[in-house]
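S.K.: To start, I am sharing the structure in question, which I have written as structure tokens.
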Amino acid sequence: MNFLRGVMGGQPAGPQPSGAETIQKLCDRVASSTLLEDRRDAVRALKSLSKKYRLEVGTQAMGHLVNILQADRSDSEIIGYALETLYNMISNDEEEEPEESEEENSQKQADDLGVQFTEIFIKEQENVTLLLSLLEEFDFHVRWPGVKLLTALLKNQCAQVQGVILVSPMGVSRLMDLLADSREVIRNDGLLLLQQLTKGNAAIQKIVAFENAFERLLDIITEEGNSDGGIVVEDCLLLLLNLLRNNSSNQNFFKEGSYIQRMKPWFEVGDDNSGWSAQKVTNLHLMLQLVRVMVCPVNSPGATSSCQKAMYQCGLLQQLCTILMATGVPADILTETINTVSEVIRGSQVNQDYFASVNAPSNPPRPAIVVLLMSMVNERQPFVLRCAVLYCFQCFLYKNQKGQGEIVATLLPSTIDANSISAGQLLCGGLFSADSLSNWCAAVALAHALQDNLTQKEQLLRVQLATSLGNPPVSLLQQCTNILSQGSKVQTRVGLLMLLCTWISNCPIAVTHFLHNQANIPFLTAQISENLGEDERLVQGLCALLVGICIYYNDNSLENYTKEKLKQLVEKRIGKENFVEKLGFITKHELYSRAAQKPQPTFSSPEQMLFDHEFTKLVKELEGVITKAVHKSSEEEKKEEEVKKTLEQHDSIVTQYKELIREQDTQLNELKEQVSSLKTENEQMQATITHQLSQIQQHKDQYNVLKLKLGKDSAQQLSAQAEGAQVNGLQSEELTGLREEVEELRKQHAELQVQLREKDALIDKLRSGPAPPVEGIATSSENNAELLKELETLRSKVQSQTAEIGQLQAERRDLLKKAMVSVPTAAGSTDGAGDSGKIAELESRLVALMGETEKLKEEAKSSLESRAGLERQLAEANSTVAILQTEKAKLQQEVADSKKEQDDLLMLLADQDQKIQTLKSKLKDLGEPV
């Protein structure tokens, strides 16, 4: 303990040990002491020496400190001392400022030392995993130094530490728990840790986002007071920027989670905007950057469009426009707000229309576009603000033909209002002012009003300018060329040349107007042919591009300036190779590639504003075709025109065939619809036949029921008649009547036999008839066969009854003979009485049989009627099926004819394609683009 007192500041008894020796002894004590208190005191002493003797502590004590973290986790105090000591070794933050002469070298050495110690520490991945597990401890003395240590590790070796944390189980989730810590210092340092963790690692960014980071960070920003909050809000915004920048997955998650709507309160500023604090300016600047990240032009068009729509619907765009038109807003915030509004409206028709309707709070109210253009052409305004206004105007006109028409309309004579300042007047004023930057900005802005809009290019040809009193007005096109020929500044001439190239490209009428001025082509050729300095090379290249456009888009309407004559002029005065070389000066310029990278004009100084992003696209598109057009001979052009005409003819023929095929396809579709309707009708007829067959089955069932009933009724009538005969007796007169009835019964029986024979003939006819052509009719034939079997059974029954009647008649005759013999001799004998009883019984049986025969006749009649009905239904069904088959055959024939016509057309198309391929190969041989 005396040794420790000496280390901690006590007066030494002997000579003072060196720092390295002291640290060595402390490390030995940490490694060998068995008492926790001794190890704790030794680690505390190392902590106090770790800043002054950083190298010695780092080289000797790091392994012992890691062992302490593993072995003494139960004691939070020693763990805290060990973590702080490691932080002092690894961290590059110097609390004491070194002397000015040594500041740079000292800081570089400290950085190198921190990086080396970090490499040693993370060489064993278990050390980082151990540190992550220690962050789960809630004790402040463990958690806070652990957060600071991990942050320092990430600062020194970000990628390596990120890789270890990424593969560590629940590594990112443990760090996200720091945002929920109730102690602000740990939460705030946790924000700094997550900032370092999410730098440049998309995988970790996604994990952090899906750990509900957006919700937590937005809650913290709201609790801290939004833009009025302190540095914590700034840290939250920086972390949000890390998560969203260049990460489409997180951007989509942010949008789908409706977090864009929660950004609106950030931009609610009061009427009094004086005295903004530096922190508020920083916070609002980061908030505007966050909005721009969501609608950045480099994002996918679909994602950008959906974010723009959400920002308009939730009122965020309206809030930004309020800041744009507010007074007292700091200049840098106003500039960033203009840039943000630019990208929120870029390419979105709804947002562009809303921005066009915004008015500045002036008297009288003026459109926001006019107010911004006034700042752009005012040379007293800051340079960055003028660049922002130009970008805003470009974004307003991007893919906005309606807005382009409104801007050009303010220049036309019929719409000029002398009492108000319009956008067109401001652009013309800037185009012809003495300030070269205003000339360039106005020229580029006017070129964007003509971009990809042939109608507005032609409309702008109508614009007339009054130069001075007494002189006639000149066109805007002529005035631009006049200023160009006066030899103004390079920036002004570059702007005017970009405007002219954009104006007359892909517009033969504008080319004709330009060539109509006899002085334009000689001036341009003179500019190209001269040997000028480095500064004039870009102007020469743009003049060559303008002449090339006049050649390529020339419709040969002017006899003196046809394509061929212009090419001859170029060859004589400039030379083809020299012309192409001068044309290449544009793309070789150092500022060309910078402007081609992104739409926003970002220049460090006004002198560097030479190229526009959209113009670089035009140059890239036209450079190759102009070079080919200049090198072509008149014969090649004639051949090319002939080939083009031939191709147009072939295209017209192909178009005609395509139209014919479309018509035939339409007819085929109609025929298919007819076939489907006929199929539907056929199905309905089948259903009708099925219903009729079911009705036939019902009739059969009713017939069977009637048969059973008839059998029972005939038996009852026989018994009743027998009883009546026994009661009344048999008289001779009655016998005579019975004979007559028997004769009638015979006649009826004969008639019934005739009817049965007719039915047999009909059945044989049905059996021998042709098979129905429809499947549904086959089933009905089977049902008819069953009915015929039942009719056969009925006929056999009738025959058996006829035989029984004949037997009864024979018995009756025998009895009558006996009765005639016995009546005169023994009328009252017992034998006669017995014979009379038999006769009565026979008579009753005859009566019953006659009744049953009558019923059978009626039943046979009803069966014949139902049979006739079924035959009629079958005949109707057969006729319907025949009609359907006829129509089906016709449709099949029509389809076959259509297929044959299609095959012929395909053969013709194949021939035409072969011809086109031959012509294309000829074009390729001639060196023409196909």
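Positions of Cβ are set from backbone N, Cα and C atoms, glycine also.
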S.K.: If you check TrEMBL, which stretch out of 94-128, 619-653, 654-688 is marked coiled coil?
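M.R.: Checked against TrEMBL: coiled coil maps to 654-688.
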S.K.: Looking at 1-20, 181-200, 241-260, which one does TrEMBL call region 'Disordered'?
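M.R.: In TrEMBL, residues 1-20 carry the label region 'Disordered'.
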S.K.: Report the DSSP secondary-structure composition of the domain 'Uso1/p115-like vesicle tethering protein C-terminal' (840-930) as helix, strand and coil residue counts.
M.R.: 86 helix, 0 strand, 5 coil
S.K.: Same-chain Cβ contacts of the coiled coil (654-688) under 8 Å, 6 or more residues past its ends?
M.R.: 774, 776, 877, 880-881, 884, 887-888, 891, 894-895, 898, 901-902, 905, 908-909, 912
